[in-house]
Number of protein chains: 4
Amino acid sequence: MVKKIAGVLGATGSVGQRFILLLNEHPDFELKYLGASKRSSGKKYSDAVNWKQTDLLPDFAKDIIVSECDPAYFKGCDVVFSGLDADYAGEIESSFKDNGFAVVSNAKNHRREENVPLIVPIVNIDHLDILPKHDKKGFIVCISNCSTAGLVAPLKPLVEKFGPIDALSTVTMQAISGAGFSPGVPGIDILDNIIPYIGGEEDKMEWETKKILGSISQDQSHIKLLTDDEIKVSAQCNRVAVTDGHTECIALRFQNRPAPSVDQVKQALEEYVCDAYKLGCHSAPKQTIHLLEQNDRPQPRLDRNRDNGYGVSVGRVREDPLLDYKMVVLSHNTVIGAAGAGILIAECLLAKNLI
Amino acid sequence: MVKKIAGVLGATGSVGQRFILLLNEHPDFELKYLGASKRSSGKKYSDAVNWKQTDLLPDFAKDIIVSECDPAYFKGCDVVFSGLDADYAGEIESSFKDNGFAVVSNAKNHRREENVPLIVPIVNIDHLDILPKHDKKGFIVCISNCSTAGLVAPLKPLVEKFGPIDALSTVTMQAISGAGFSPGVPGIDILDNIIPYIGGEEDKMEWETKKILGSISQDQSHIKLLTDDEIKVSAQCNRVAVTDGHTECIALRFQNRPAPSVDQVKQALEEYVCDAYKLGCHSAPKQTIHLLEQNDRPQPRLDRNRDNGYGVSVGRVREDPLLDYKMVVLSHNTVIGAAGAGILIAECLLAKNLI
Amino acid sequence: MVKKIAGVLGATGSVGQRFILLLNEHPDFELKYLGASKRSSGKKYSDAVNWKQTDLLPDFAKDIIVSECDPAYFKGCDVVFSGLDADYAGEIESSFKDNGFAVVSNAKNHRREENVPLIVPIVNIDHLDILPKHDKKGFIVCISNCSTAGLVAPLKPLVEKFGPIDALSTVTMQAISGAGFSPGVPGIDILDNIIPYIGGEEDKMEWETKKILGSISQDQSHIKLLTDDEIKVSAQCNRVAVTDGHTECIALRFQNRPAPSVDQVKQALEEYVCDAYKLGCHSAPKQTIHLLEQNDRPQPRLDRNRDNGYGVSVGRVREDPLLDYKMVVLSHNTVIGAAGAGILIAECLLAKNLI
Amino acid sequence: MVKKIAGVLGATGSVGQRFILLLNEHPDFELKYLGASKRSSGKKYSDAVNWKQTDLLPDFAKDIIVSECDPAYFKGCDVVFSGLDADYAGEIESSFKDNGFAVVSNAKNHRREENVPLIVPIVNIDHLDILPKHDKKGFIVCISNCSTAGLVAPLKPLVEKFGPIDALSTVTMQAISGAGFSPGVPGIDILDNIIPYIGGEEDKMEWETKKILGSISQDQSHIKLLTDDEIKVSAQCNRVAVTDGHTECIALRFQNRPAPSVDQVKQALEEYVCDAYKLGCHSAPKQTIHLLEQNDRPQPRLDRNRDNGYGVSVGRVREDPLLDYKMVVLSHNTVIGAAGAGILIAECLLAKNLI
């Protein structure tokens with residue numbers, strides 16, 4: 001099979017660096033184009049980047065000449081991954097879309113547009129079906145916020161099996177890698193400390209959940225959100241001294257009575273197989289949700305890399321005095337919550353003949 | 001004024017060490033007796049203890065000869081502070097009580113006895129009124145669990161002003177100092193990690209809240225708990241990489257409709273003055289609840305020492321999509337949540353002529 | 001006694017904030033002037049600053065109107081503390097000096113000028129004697145680099161007693177608070193990590209040691225450095241996950257043979273009383289060097305606050321197979337290594353009638 | 001090829017767990033026997049172990065029945081890996097040796113015996129040549145102390161090229177995983193802290209270096225240590241808040257004058273290929289020493305996994321004012337410093353027909 005040609009926008013940033021790592025020796029994609037700011041353009045990537053990953057900069061990327069983030073430089077590119085900052089993503093991604101490119105973006109700018117699918121690729125890749133098929137019209141697909149990804153992963157099988165969830169709360173303990181590194185979270189703010197606030201995050205989680213759990217409109221043109229009457233969502237977000245892996249303490253109530261039993265809930269989580277895996281996508285997790293029975297798990301350091309970070313771990317499923325159930329969810333924020341999700345989304349786009 | 005004579009049980013442990021620090025140059029108490037295990041008894045305290053506090057071992061305590069935890073060795077002692085492990089506390093504390101001693105205990109063993117007040121001294125020192133007066137009958141007063149202390153502190157003024165709270169959830173992020181040090185939380189378990197479980201803690205929080213917010217029986221003989229119908233409490237407890245200071249993300253609903261406004265809630269928190277301060281107790285916080293308006297506060301490293309750790313900080317008071325309000329609470333677990341609470345309780349006992 | 005009038009330059013930065021804290025209720029100084037960048041000038045200090053200290057912003061400072069760092073705005077100021085960044089400190093401090101002010105600076109810019117004393121106030125306040133007396137000629141005194149302060153503290157009594165040290169090595173493990181907070185050390189760089197490099201630090205330590213251990217020229221006009229022949233100094237600097245307190249593993253060789261015994265070395269350290277204390281300076285440590293005999297001390301979290309951070313802790317004094325002795329030194333980098341040193345220097349200036 | 005049969009002693013401990021992980025799908029060895037304490041014997045391994053690795057317990061090991069550490073239960077075993085605590089290792093390992101087994105031990109007990117090779121497998125596998133060949137006489141091979149491994153790795157190529165090193169100093173910053181987990185380093189001791197002491201470690205480093213850099217006696221019967229006259233070694237050891245990876249700041253002096261240039265030193269490090277790699281051993285690093293030129297590297301979080309942890313990273317090679325050169329060395333303490341070294345040693349034994 002001929003590999004699809006890929007490009008990365010915002011290639012020197014933290015999300016961009018991870019796109020590059022994940023595209024190294026990828027069976028479906030060949031990374032040819034790297035876009036960054038004017039300051040970096042014209043340089044070899046290895047000269048432009050301050051590489052800060054635990055894996056070495058792959059050889060294939062070292063000599064790619066960085067260009068500006070202009071569609072003119074990305075000729076023939078089948079898919080463009082955007083790790084751009086929100087300050088630039090809105091306009092640049094639109095210009096790529098308008099020029100016929102398929103854009104998979106980690107930025108928040110276009111997430112709320114009704115004809116832009118907001119995708120957690122282990123949850124709702126059916127939403128990709130609203131995208132234009134068989135022609136050269138460009139489109140944008142958005143990756144969800146990192147903490148939303150972990151939240152909705154266990155909800156999907158539960159809603160499928162037991163019907164709507166009408167109340168949902170989450171308190172997050174989020175890793176610092178999610179904040180990028182220029183400057184990200186200052187060390188003095190996070191060592192021996194917690195920051196009980198992440199700007200905009202709670203609102204994103206509460207809103208995005210309603211879109212991701214929403215449905216396709218009858219005319220297949222857009223996504224219909226769950227309404228505030230259908231589901232109430234409350235999020236409280238904290239930054240903690242963890243490098244990678246977002247932990248969430250969630251509680252939920254089903255609309256239907258009687259609620260399923262705790263064993264039914266666990267079984268549904270464990271048996272869930274995401275559509276991306278059924279489609280045979282390369283990065284899709286074999287086990288979407290790892291149900292852990294030890295009472296002190298999941299833990300970020302021990303469990304964040306299940307299925308290369310594409311699997312989500314759920315533990316401590318138990319009854320809740322207020323709602324129906326509470327549980328602890330762990331997801332790898334830079335994999336299923338950011339760049340990794342983008343790669344898997346692109347694999348799904350390919351499997352669905354959308355690129 | 002003649003100082004009251006004090007003793008400490010479990011003097012070499014982490015709670016015992018803090019009792020000793022807090023009794024250094026205390027205006028009301030003179031520490032004369034130190035009890036520990038057989039292994040330590042007969043030794044000078046400075047030889048028996050592996051001192052691990054940030055403040056130096058006070059000179060006055062160095063030469064006290066450690067005895068076993070037997071009432072026979074504590075003659076003339078007006079108040080006995082117990083930092084004993086739960087393995088030993090039950091029986092030893094009972095024997096002190098039976099021998100006429102006033103015991104202030106940090107252990108969990110006697111907390112559920114209906115004639116034992118369970119006290120957070122900035123919240124419910126009125127519960128001390130069930131204790132026997134003017135005679136030599138001994139009694140036990142229990143300090144609450146550390147995470148319960150932070151939870152109930154802001155509830156007290158809210159209930160006083162706006163009536164009952166009927167639903168309450170908390171997700172805690174607890175410091176490691178609460179786990180003591182033999183061995184406490186292993187470093188490899190907490191560095192770059194979260195442990196989403198603390199044995200017994202959630203149950204304690206859910207139960208203790210109902211006792212602390214409960215009321216004195218008509219015959220003044222015991223504490224009546226709030227019932228499960230009166231208040232539903234859900235707790236999820238996590239251990240995080242913080243040395244001192246428990247952070248809690250709480251949400252609550254008032255029984256009465258309409259609920260108070262957010263400004264009324266804030267005002268009630270800020271204006272609250274605890275009874276211990278009104279009684280003039282030495283350690284009572286001038287400002288019981290520090291209401292913080294910056295959106296990223298309270299933070300444990302920055303805010304845990306308000307009013308020497310006896311004040312509780314509350315921030316991010318805002319409406320909650322599920323219940324009425326959510327907020328972040330920070331309390332110093334070794335002060336208002338453990339040894340410090342014990343000292344302030346004893347000060348209250350003295351002010352109330354109970355010792 | 002009438003208090004001297006003080007000002008702070010760079011008042012909104014991390015060093016500036018600590019100057020303000022230390023000047024709160026200071027017996028010798030009254031802080032009246034705060035200088036910062038154009039952006040802050042004209043604002044009340046509480047509006048201009050992003051306060052990030054564990055102690056609250058003192059009331060007295062809240063309403064001071066911040067001015068630009070121009071001598072015209074500091075009329076009548078007896079001493080000016082500079083927490084300016086090196087980018088601005090050079091020129092601004094010179095202009096204050098030229099206008100007759102006494103400047104105590106934490107910046108590196110003027111440290112190498114031969115008529116500028118470079119002072120660790122528990123080590124070499126005799127060097128202040130080169131400053132102009134009894135007239136209104138301005139001067140600059142420089143605070144040493146934070147890691148240099150800890151290094152030279154134990155050397156002083158050893159050189160006094162046993163003669164010159166001719167070889168000295170140090171490997172530092174430095175706290176992140178020393179890096180300020182805009183942005184300082186990124187969290188992702190320091191959590192579960194070490195950064196084995198601090199720009200310029202090793203060179204500073206190697207050079208500054210030679211000036212601080214140097215002597216006053218015969219004409220009392222400048223400081224004569226130790227030469228490379230007199231002392232060889234090797235420094236390796238690391239940033240570690242510690243909030244406050246620099247730990248250094250040092251080794252040293254005396255020039256004179258036979259070298260003193262290990263007990264003599266310990267005794268010299270323990271008996272050392274710094275001149276600032278002899279002069280009765282308010283902040284001077286009662287015990288300059290805390291000699292610790294437990295084999296696992298000093299530790300930054302437990303020992304950094306000895307004598308309010310003005311005392312230096314030394315442990316593990318033992319023979320070294322290469323040089324004569326090795327030991328571990330701990331100093332509080334923001335107290336004796338930065339703002340705190342500045343305050344104590346000013347107290348010494350006052351005691352010596354230099355302001 | 002038929003795989004050799006392997007056993008693990010101390011299988012439930014932290015080193016034992018890592019042996020099991022590393023033997024999962026190993027091309028040379030098949031793990032059949034697991035030995036542990038009486039308490040665990042008779043249980044399935046998955047029931048006996050508190051598994052605390054970031055990789056899941058391999059399926060193959062789950063159902064192995066744990067036996068006691070008695071040679072009688074290890075019939076037919078070609079190599080026995082010992083992760084036993086020092087309290088038990090001495091006697092048990094001797095009994096295996098006496099019964100004709102090849103033992104590769106991580107314990108310290110037998111390291112100082114002159115006919116026991118002390119091996120860092122990227123440094124001195126020629127020392128294995130003193131072992132008995134072609135018969136069934138058992139033997140013990142010892143893995144070096146974890147911090148010694150990182151220290152001697154860069155020394156080997158330097159000594160080979162430029163002759164003896166006569167002075168060597170190291171200051172270590174060691175990860176907590178090296179301390180095991182029962183209890184290992186307490187969290188409260190390492191968070192926001194450094195422990196400037198590791199019991200016995202400095203002595204081990206100073207002594208083991210002399211054995212590892214020593215030579216085989218003429219009669220090939222034992223290892224001759226370097227004498228104190230030949231090399232002076234000084235070690236200072238610290239425990240820091242890092243999960244994995246020991247960082248060392250080392251300095252060294254060559255005996256021969258003139259010393260090689262810094263470029264010659266770097267070239268020797270970079271060109272070094274360890275014997276284990278030349279022998280084709282499966283786990284041997286392709287690049288033994290990763291020479292890093294960025295001034296802030298190596299860093300444990302970023303660099304500890306080079307060549308799966310079998311490669312050692314060296315950075316900041318520069319001249320030293322006291323000795324000749326200083327540099328920063330990073331090695332993965334649980335791989336090349338412990339269990340991983342054991343596996344590579346066994347591969348070398350196989351390649352040399354010693355098992």
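Cβ coordinates are placed from backbone N, Cα and C, and glycine is handled just like the others.
Taken from TrEMBL, the feature active site, acyl-thioester intermediate covers D:CYS146. Following the DSSP three-state reduction, the secondary structure of D:CYS146 (active site, acyl-thioester intermediate) is helix. Of all Cβ atoms in the protein chains displayed, 27 besides its own lie within 10 Å of the Cβ of D:CYS146 (active site, acyl-thioester intermediate).
Annotated active site, proton acceptor per TrEMBL: D:HIS246, in sequence order. Shown in sequence order, D:CYS146, D:SER147, D:GLY150, D:THR172, D:MET173, D:GLN174, D:ALA175, D:GLY178, D:PRO300, D:LEU330, D:SER331, D:HIS332, D:ASN333, D:GLY337 are the residues of the chain, 6+ apart in sequence, with a C-beta less than 8 angstroms from the C-beta of D:HIS246 (active site, proton acceptor). Look at D:HIS246 (active site, proton acceptor): DSSP puts it in a strand.
Helix first, then strand, then coil: DSSP counts for the domain 'Semialdehyde dehydrogenase NAD-binding' (D:5-131) stand at 41 helix, 27 strand, 59 coil. Under the heading domain 'Semialdehyde dehydrogenase NAD-binding', TrEMBL lists D:5-131.
Per-residue pLDDT, averaged along the domain 'Semialdehyde dehydrogenase NAD-binding' (D:5-131), amounts to 96 for this model.
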